[in-house]
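Asks: This structure is in structure tokens; I'll ask about it shortly.
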Amino acid sequence: MIHMQKHGIFLIGLLGALPKGNAIPAPQMGNYGENEGPVGGVSPPISSVTAPTGSLRGDASLLGGNAPRPDPEQSDSAIVDDVQLVPGQKADGKLGLYLNFDGVDAPQPIRGELGSPDPGPRTYAYEKLNPDLYAPPGTDKGDVENAMWPLGLSHNRLGSQPGAGWARQQNTDVLPIASRMAGVDMKLQPNAYRELHWHRSAEWALMLKGTCRIAAMNEDGKSFVDDITAGDVWFFPKGVPHSIQAFDEGAEFLLVFDDGDFSEEDTFLASELFLRNPLSVLSKNFKADVSAFDKIPKDQLYIFNGTPPPKDIQEQNQTSSAGSLVGPDSYTYHWSQQQPYQVPGGSVKILDPQTFPIASNFSSALVVVQPGAMREIHWHTTSDEWNYFLQGSGRITIFEAPEASRTFDFTAGDIGYIRVGDSHYIENTGTEDVIFLEVLQAPRFSDISVAQWLALTPKQVVKDTLNLPDDVIDALPREKEFIKLGNPNMTALASGGRNFKRSFQA
């Protein structure tokens, strides 16, 4: 599996850094593949000394015109010997074939006739994960703001108690283009809690692994409690306080917020609320002696270990005279039980306020694209798109008016962001299904399919504008296909093959 192979080199480096019994301590930096030898006027390894020697600065004799001129024939050469190229790398750059750099030790920034071997400094693992940035398709042009962030590079905030869990986030601090949405990946160990809290942003969540119980209350005193599992969704409006507790298999979930500046560090925590109010005020508010608050937490809990929740949810169903939140007011949707819409090349299932009313401005699609296939070229008319890759690998080319485009590569755990109106596709570049989530800030999930648009435009207009052959125009689909079939051999065009399929072939 390509994306697993790509991450394998990172794992090897990490394993190499693990301590071994009675072994000489290994270097702390793993081997991720990088240039070696002289670079930048330094020839490693340098000699060791037992005391300081030399000077921190040079003198005026080294200024240009004073210093001896270097001999080019004696300098460290920038010529790269034994250049290795991968299939499709010398093909016409405008074909934009996907380049699998896993097959070589040192990838090279060459596409067609353009580019040149790279002598370093460099770390090969980054280039293998991002081949379309390192050797971009010939159709990429101009400047497009960075639209990809790997959560593997996010700071991980660990829970407050041993083994309780962790959370890592993406917001405008790390992905400035993502102005309208931010994301958090959170893990809770068995029976652990995400502390009682609330925040200024609305929270939409997809369960990734395990099962958890959520509880909340709205402004009218209506309460809510439900159990959800992998594939299910919850939503909490702005300011609604809630808690999350994992069951005995733990839980991992993805949170999406309707504010690109959102930060996990800025949530309102129940423990902090008690710590930041005078004890006399707490006593009056809760009609209790001051001594009742002697054992409140000394610091925020955030993510912490808990006692196992009862299996019978009714034991935790606390209600007032206002009753419970049910029906269209429910804070959960059991999306895992919805069967996907299947098409040749993959599947799609949509969740938006038409079926989950409480999430009034969150619309989403969970998409599976099979090897060789692609989510068709499209754009969204009413919202930016925030996406998250759950499994597999893919690439996206973003076209931005009037004439800029850039191609980004994604693997599991990566986040993408595409501005409203910018056209894009998502192509499976691996050997396994790629699974990704598309999230819009919109009351309905919708997009414009380029193929369908051209099919429903007068043929003469299309022909006069794009000079496409009649058979291509006649074959354009009048119904939206969502996913286009393709050849899993990503470089088939380089050897005279075809990269598309008109219909499914086993």
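In case you wondered, yes, glycine gets a Cβ from its N, Cα and C as well.
Whatever TrEMBL says is automated annotation, not expert-curated.
Since we're looking at a predicted model, the values are computed, not measured.
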Asks: Record says HIS197, HIS199, GLU203 bind Mn(2+) 1. Source is TrEMBL. Which of HIS155, HIS242 does it list for that same site?
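Replies: The candidate from HIS155, HIS242 that TrEMBL ties to Mn(2+) 1 along with HIS197, HIS199, GLU203 is HIS242.
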Asks: Check TrEMBL: it lists HIS378, HIS380, GLU385 as binding Mn(2+) 2. Then name which of HIS334, HIS424 it lists for that same site.
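Replies: Record source TrEMBL; matching candidate: HIS424.
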Asks: Counting all other Cβ atoms within 10 Å across every protein chain shown, which of the binding-site residues HIS197, HIS242, HIS424 scores highest?
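Replies: Ranked by Cβ atoms within 10 Å, first place goes to HIS424.
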Asks: Give the helix, strand or coil assignment DSSP yields for GLU203 (Mn(2+) 1 binding site).
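Replies: Note: GLU203 (Mn(2+) 1 binding site) is in a strand by DSSP.
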Asks: May I have the DSSP-based helix, strand and coil counts for the residues of the region 'Disordered' (29-76)?
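Replies: Reading the DSSP string over the region 'Disordered' (29-76) gives 6 helix, 3 strand, 39 coil.
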Asks: Please give the average pLDDT for the domain 'Cupin type-1' (151-294) in this predicted model.
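Replies: Across the domain 'Cupin type-1' (151-294), the average pLDDT comes out at 98.
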Asks: Which chain-mates of HIS378 (Mn(2+) 2 binding site) that are at least 6 residues away have a CB under 8 A from its CB, listed by sequence?
Replies: SER423, HIS424, TYR425, ASP447, ILE448, SER449, VAL450
